[in-house]
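Please see the structure below; I have some questions.
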Amino acid sequence: MAAKLNPRNILCLFVAFPVVIIVANAARLSHPKILLPYHSSVITNFTLNINLSREETRLLDTCYTWQSTQQEIASIQLVNSTDGECAFSAVISAVSKSAHRKTSMVLAENKVTGEILRCIVIVEAISRFEIETTTRLLYLEDSPEELIIKGYDDEGNVFSSLAGLEFEWSVLPDTSTEGEEMVDILRITKFTESHYFMPYYIQQLEAKGLQGDFILVEGMRTGSALVKAKIRDRAYKEVISPSVKIIVIANLIISPAEAYILKYATIKYAVKQIKQSSMLEISLPSSQFVLEVEDTNVCLLDAKTSIAAGQQLGSTEIVLTDRNLKQDALVKPSAMLYVVAPSYLGFVVLPDKKWVLGTEKVYTILIELYDKNSHKIYPSDNVMLKAMFPEEYFDVRFSTKNGTYHHVYTKKPGKTVIEGVLTSIIQEDGTEIEVSPTVKGSRSVEIHDPIRVMPELLYFPWDPNTRSSHQYKLRVKGGSGEYVWSSSKVETTTVNNKGEITTGNGGEAQIIASDAKNRAHTGSAKVYVLPPEDMKFVPRQVEAEVGTELEMPLAVYGRVQGKLVPFNDCHRMKVNFTFSDPTAFQFNRVSLMIPEDGCCSVRFTAVQRGHTTVTASYTSRGKELSASVTIAAYDPLMPVDPEKEAVLAVGSRKELVFRGGPQPWVIDSLKYFQDLTSTNSAITEVKKMKFLGNNRGFHHFYMTCLDFGEQILTLRVGNNKTTTNQFPAVSEASVRMSCSEPVGLQLNPDLRYPENLPPCPVSKEQAVAIPVHCQRNLDILVTVTDSLGRKFDNFSSLDFQWMVSDRSLATLEDTEDGSIQISTTSTKEGFNHVKYYRVLQPRGQPGVVIVTASISSYIEKHLKMAGSPISTRIYPKISKSLELKLVEEAIVSPDIISLFNHPSNTYMVNVQKGSGFFHVIPDQAGVVSLEYTDKTKQMQVVPVSDGSMKVTVYDLCVYSRHPPTATIFVSGVGSVELSVTEKVEVDKEAAVRVRVIDVHGKPLQASFFRLMGLRLIPASNIITIRKDKDQKDEMFTEYYIMHGAQVGHTSLVAEAHPSDGVVIRSQARPVEVFPPLQLIPRNITMIIGAKFQVLSKGGSTPQCTVLFSIRDSNIADVSSSGLLDAQNLGTTTVLGQAVGQDPETGETIIYSQDEVTVNVIELPGVRIHSALSRMQTGTKMPIYAVGLTEHETPFTFGSAMPPLVFTWSINNKDIIQLQNVFHESSLKHPAESDFARQLVALSAGQVTVKLTVRPHLTSRSQVKGQRTLTDELQVEVFEKLAVVSPKVCDGKILLTPNTEALIKTNRDGSAKMSYQVISLVDPSPVTVGEGGLLTSGTVSGQVALQVTSQEEFGTNQTLVLLVRVKPVSYLMINSDVSLSTNEGYIKSIPVGTTLTLSVTYHDNVGEQFYATNVQMRYRFSRYDLVHIKHGSENDTLVVKAAEVGQTILKVWDQKNPWLADYINIPVDYVINPSKPTLSLGTVVCFKAPLVSARGYPGIWQSKSKVMDVDKDSGIATSAFVGHNLVEYTLTKDVTTYTEVTVRPVDQLTVDDSWSFLTNVKNRLTEYFIKVSLNDDSEVIGDNCTGEIQAKEFMPNFIPITCELEFSSFVNGLSISDLFQVSATFSSKKGKYGCLVKKLHPESLVQQISTTAVDLQLSVLVPGMENQPAVLAPVKKYQYLPPFYVHNSEVSLSTAAPLSSIRVSTIPDLSSCIQASVSDESILEVLTPEKDSQSGIILIFPIRLIESAALWDRDNVESHVELSCRKTGQKVRLPVTIRLVGQRPEHLAYRGRPVGWGAFFLNSFNSNQSFFSYLFLIIATAVAVLVGYHYLIGPRYRAAASSNPAFLRPGAAGAASPPSPMYPQPQYSPGYSPPPYTNYASPLNTPKSPTLWSTEYHPQDGTSPRRRSPYRPGGMSPNLGPRQSPS
């Protein structure tokens, strides 16, 4: 059963858990409890240790003190204590001598933390002893075993220590063994005779020859014995002495411990004994040991020889028996012997055990035998194996008799096989037993040559700076081919597994390659890493063809044992290569291939023809090496023109061009040659062309044919050998030249044919006209051939004649001499392309034309110029004609075909025009069956499977860049596209288009639609569909007609059935049949300036949009929302169109449209509309102005701008009162647009209501004749019928016909109610049902309703009500929202306010109906300014004033439209300032006149972070750039707002009133430097400055930052030592600015006194969102430091009357510092001087004037004051004067003045300090009294006055002048207050108060003066504008 968790336990668990964690991490004692024996004869000790926590181990001052609570039981001795008080260990001694159990507590206290550790020490007597040992079985002559005595008390607890107790240990014979008594089996060994660790107390006991609780025992001989221990303390003589039995055995093993032998095979056993570190074999047979076999059937053992022979298959155990031991309970040494059958042979090679051998080495080979379980069988001597070693590879040098062991010598490398076979077993008697089946085995062997690493010596460079390393691939021979590499010194050289070495630091290393198949086979190489000593380029060929690489070996040398040795690899050296001309060659790389005669090979790429000198340089630790070589680049020599062979006509010349070849050697160009040789120089003439300039590597020769024949021309170019070009390059090139006789002539059109297509069937050989394009010029190529058919390269010496058959089709282009045209094109390679041709110019018409050319002679002048001897006549005549067919380009029709996959579809594609020879290539097969017919030039297309393909038609004879193609799409129906106008007007029709698209997105032809059963299905009968019989002839589209039958929404879908069971449907298209668009109202009448919004109903909703347009925009404008704005007189129409967007084409669709008439008129007259002319007292009725016609409503003129002025008046205000509909909202509507009022009947009488309408002065044609319109209304007010006596309550209910009303009483639910109608007519106009439901009929009348309540206590109450049924005479709009203000009325509804308007209904006397059946409707003149919805109660409207403007609201009865009321809702901003545009950082005081009903203000808030507004005061700061709304909320419905625009700051202006700054201590502690933002006022709002001053407002956002710095560097001084600068806002000044606070570093006064530097003030507006960073122009100020006075006092005497004061200052303040003395009669300041040495120290000489006044004074005290008026600094130094000697004779005593005057004068002179203190005390007392009366006195006077006008200044009726405590007006600096003309004259106020200027600044150069506040002008004449009162 699960235990229940006790809540107390859970609490303890949570408390204990952190405690456990704390304890676990704290220090603790090594033992919490210890048990020690009492002190009988020896004191037992135990050591306690403190285990410190991690935290305490880090502390150096941790200290633990120890104490025992019972010193007589347990004493403490500190261990390793340095001070005798603190220790981390202590020895606990049990000193109690009582055998009874006693307890003490050992306490260890941490002196640092106060933590106490406890250990309980228990002392009592020992009850019993036991000997503990690790094992009781010892091996003979093995290490000693440790025996320990443990003590126990009577409860079985173990004693913690028996240290110090003495025991007697003894060895006794084991009497339990049988036989003779065994002695000397065990020996007790001392600890001092062993290497064991022993405790200190054991060491002391053994030194005394005693034994303790620890001893060592070792075995001497095999056997068993007892070890006994007896305590020597007589107190424990009754305690039984413990003993333990120890058995000693020999540590024997049988060898082999496990063996496998064959049947009849033998094995010899041996017995070995392990003695400590050695193993000895025991000779058998032995008297003590004997071997025995457990199963003699498996094997037989000969005890004499210890040889066992296998008898049969199986296993047995060989056991060793010790005769000295009774071994029944002991485990005897044994070995296992298995007799098994042989299974296979194994081969082992020694010493490596790897079957990869080396040649010419000796190896040991073992042949091993295994059973089927892979157990190795013992190689018995009588088991015979035969080994076969191939003599070709091995020489057997030794073998054992049984054939299992061999020594062999390897002869040569190769792969071979060693074989072995188990033959027989020879028994002891010599009988040989054959092994059946025979066991054979073989082993493959690899023999390899020794490994040799090449090269054996390697040298590499070492650069100690770059420490670059080199890699080198070592070659190796011999071995298996797979190697393992290693390095003897990896710091110098490392090697990877591929034999690639990498050099490191300098030095030498051995690289070893080991065979991977046998690591014993190795080879090595030695590597040296040395610093470079020399370098040079190795001579090689220095010329290279352009585009090839020139390889230059570079040799670098190191030094070994004084000799230069070449490096094997140096390509990683940081060698720098430079070129004298870098354009010819480009350094490519240092080749990784190492040359034979260098350490690296530098490859240079020949870039262009030229020469350059390459310099290789190397620098390291001051050693510079360099080598240079000159190299050249040349173009390859090749024949350019002709490339191989040239054929010329006699008399013609050919230019031979060769290009490239070596250039003249730059160092020795005289040995350059270019030789052209000929094999037959008689038939040609060759001339070398000479160039004045650079021939660009070309070799030009002219060759002219003189006679018929052939020859070979060879050009050889190069340089001969020079000292710098020992391996010059030579190039050769050859061409064949033939001078032949012309035999053939060919004319070929220069045509281009399509590639990779069959050839054009028309050729010249077929004698068929060749097709060519009739609109392209054609070049006819002329080719002349010799008898071998070779074409002539030049035949310009031949004379041609030309002829064209039909010049109307084509003509030949005219040439200069009518002969052949030659065009030569030279390439940059020097080849001349010569084209011989005539140009045929077709005229654009197809047809056939023949061009003929003939040759009959040479041109005679050509032969003469060449000097040829041949004749000019050519016989026979050579002639050739060319027939051409002029054709147009081919076309394919149609080029895009989409086929419906149907087997009956066959489509023909026509190929027209062109040559008529076409090749059709489809891009794929299997889509259609395509068959092209050459005869008809048509492709027959039959669909096969769905897919698409492109067919390209190539004209084989006329090339076209863009051959015609036809794209064919074959598929089933992929989709059906249904295009339908989604909106159709009822009873109208719209077109529906259907297209079927295949799976490729291509349209299918409409002719296929019948095959797929296409049809259109409407979802309902809202629309009907029929096919369009008059549809357009379109290939891919089918048309239908959709008719809108009735209004509603439906859908239309088209479906096709391309195959059985497959239906493809189009996307269902929604269709809306909508009623026609109707604009409301139908007739609109307006005056100029009026606004009215046209409404629409019907049309499609909601996707379509109604667009408004006006026919004549001069008369009125219309907005997109239908808002009309009348402009000029006239009549026009407004057109409204319900439009939408076609989802497919995106075009605009007009679904429906309507138009209304707009009349802009002049108002001819006005009349007052009133529902009644008689009113009952106490009722209200609305009246409003209308025009003379029914169309001239308040909508006509109520919203006109400029507005009409409506003036309402009545002749008797006591009878009727005129009021605004918003009178309860404190809204006082102005006369403008005030067209509606409400009449309130107050008393009986007749009243005339008059309305006057005047047009505005700026209006235009609003009122006819611009005259004033008037109208009057006579209203009669009659008394309401009432019973005067007796007085009764008026109980009646007014209902309209056909209305229901529920009667509710205060007794509903408490009493039983019954209702009864009492009517005088039948039928009754009113009936009542259960629950008091009144229902009125259709006729008017009145009844009495009796309401009876039957109370439970038996009393009945009856109430009779009059119920009247009447029609409604008028309705009236009422405003239920009350708006309270703190300053009168408001003129408009605050924007954002929610109004609740109620509509009441009244009868013909003005009484309000209780219930009506009126269906109320409403509309606005415009809907963009206000939002409206029905209220929660009947006949209520909730109107939200959303935007500023005026809107006219009309409410009417839908059944009786003449029952209507109009009101004007003007909306405007009431928050001031409204819609302000501010700069960033501007402080605005928002105010609103609205307050709650109790007069409490609302809450201000900002809609975004742009403005930071105080919710209570409305003071806001523009914190971000952007637009924002500031809201003022009174209630949920009364909320208004204003828009605020914050623009960024683009200009900062810093005030320049200050010219200098100083940190001198004076009354001015800080500077405020004004900063203007955009030159705007930083404070906006009515009396905002005074409000922020009163509240000491500080904005949360400061838009500027200020930084003050030195204009130049000042050593040892920073600006923060002098000033503290911050940006702030001054609520007193209403300005942002930089506040510069003075600092006074006393330690730097002397240093800064001579600091002449300017200060720079930087003001910044930081960049933020939409606000770029703006920096003001930096302002500079002169820094005026305080001067420093070196003197602390001035000492003068009559003996030394002259002294000086030393002052350190800057030069600009030298003239400012003035010195003055307190007593000019005895002291004088002389003219100051500058210190000539420093130049910055002023010296003021002070001279003592020796006068009679000096000697007449009893006490001479004086001082000198240094001051600077500019900075306001003053320093006063005391002057000490000593009178030395006697009074001079010329100042002889003339007698002191006597009398009271002399007495007071002497007293004052002698006690100046006393009188100064006395004056201060009196002045302080006077100031306290005056302050008391000023502060406390007015309070009592104000409390005593009953006139509240005294509590505020300026109140009317103030009878006395204001007291000085009246508040004084605040003025900004620079503005003087007006004269105090209303105050009393200062002449009448003898005790005028004095006033010190609160802004006195001594540095301005003014002195403090007193002034009167009543002085005209209010300002001291000496005060500047900066000292005006604040």
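Using N, Cα and C of the backbone, Cβ positions are placed for all residues, glycine too.
According to TrEMBL, the protein carries these features:
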- 27-124: domain 'NUP210 Ig-like' (DOMAIN)
- 133-239: domain 'NUP210 Ig-like' (DOMAIN)
- 250-342: domain 'NUP210 Ig-like' (DOMAIN)
- 353-430: domain 'NUP210 fourth Ig-like' (DOMAIN)
- 535-619: domain 'NUP210 Ig-like' (DOMAIN)
- 640-740: domain 'NUP210 Ig-like' (DOMAIN)
- 892-970: domain 'NUP210 Ig-like' (DOMAIN)
- 1163-1277: domain 'NUP210 Ig-like' (DOMAIN)
- 1365-1467: domain 'NUP210 Ig-like' (DOMAIN)
- 1471-1539: domain 'NUP210 Ig-like' (DOMAIN)
- 1549-1699: domain 'NUP210 C-terminal Ig-like' (DOMAIN)
- 1810-1831: transmembrane segment (TRANSMEM)
- 1852-1926: region 'Disordered' (REGION)
- 1878-1893: compositional bias 'Polar residues' (COMPBIAS)
Is the number of Cβ-Cβ pairs under 8 Å between the domain 'NUP210 fourth Ig-like' (353-430) and the domain 'NUP210 Ig-like' (535-619) three or more, considering only pairs separated by 6 or more positions?
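No, the domain 'NUP210 fourth Ig-like' (353-430) and the domain 'NUP210 Ig-like' (535-619) are not in contact.
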Ranking 535-619, 1163-1277, 1549-1699 by Cβ pairs under 8 Å to the domain 'NUP210 Ig-like' (1471-1539), which is first?
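By Cβ pairs under 8 Å, 1549-1699 leads among 535-619, 1163-1277, 1549-1699.
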Against the domain 'NUP210 Ig-like' (1163-1277), which of these stretches has the most C-beta pairs under 8 Å: 27-124, 133-239, 250-342, 1365-1467, 1549-1699?
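That would be 1365-1467.
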Please count the residues of the domain 'NUP210 Ig-like' (27-124) that DSSP assigns to helix (H, G, I), strand (E, B) and coil.
5 helix, 50 strand, 43 coil
Per DSSP, what is the residue count of the domain 'NUP210 Ig-like' (1471-1539) in each of helix, strand and coil?
0 helix, 34 strand, 35 coil
Averaged over the domain 'NUP210 Ig-like' (892-970), what pLDDT does the prediction give?
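Averaged over the domain 'NUP210 Ig-like' (892-970), the predicted model reaches a pLDDT of 86.
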